[in-house]
Ligand SMILES: [Zn+2]
């Protein structure tokens, strides 16, 4: 089996065929976590998870690029998490949250930090791991994490080995997706122990090149990514680390089950 630890089936790109996409995924034995980026998409992630008995989970959080268009209402998010606990623990993480200093987002760093810290507080309160989004802000993120005892994954890791090592030394997992085809992350992937790697799609974004030649791509014209394509990420990691695909699938699934208590 494989676990897509970062999907956005809660986004508009899937509004017409959400159920089919989930069905395809579960039929291929790919479990998935839908990750929120604001209150509305967090709520949607929980609603989707509630529909399935097995294999579909949710994460709730306010993404740093939305830190100034939404006032973070901790009680509202907490309610959402608790509602799902009653349904069998479907909210498995707080995320995606973090810091993003790319382009114009760097103009509201302080606001981002404030919202981020409040959400770290929520993750501690609910004893949930965190899915971190970090773009061009690793120094600040590392500084904050040093002072907070938190478990989680640095999703879509794009930093250098030096930063990767710091996260690993602090006990975090690194999440890899289709960005590994665009940026050279071979050194990081080679040096990161398989026991600390999670695979993800970040769908509908970052479609792996192999998936673009599939019937799904022709059907959607734009090459929308989806959870079943997480197999290409596991294959690429297996290639880079010179390991068997099955082993990468098995260990990364175990990692996800351990971190998110699936
Ligand atoms: Zn995402």
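Backbone N, Cα and C define each Cβ position, glycine as well.
Heads up, TrEMBL stuff is auto-annotated, nobody curated it.
On a predicted model such as this, the values are computed, not experimentally measured, just so you know.
Matching 202, 244 to the divalent metal cation 1 binding residues that TrEMBL gives (6, 8, 96) identifies 202. When the binding-site residues 6, 8, 96, 202 are screened for a Cα within 10 A of the Cα of residue 133 (divalent metal cation 2 binding site), the ones that qualify are 96. Other than 6, 8, 96, 202, the residues of this chain whose Cβ falls within 8 Å of the Cβ centroid of the divalent metal cation 1 site are, in sequence order, 7, 35, 37, 131, 133, 155, 156, 200, 201, 203, 205. Cα spacing between residue 155 (divalent metal cation 2 binding site) and residue 6 (divalent metal cation 1 binding site): 8 Å, rounded to the nearest whole number. Considering only the binding-site residues 96, 202, the Cβ with the fewest other Cβ atoms within 10 Å is that of 202.
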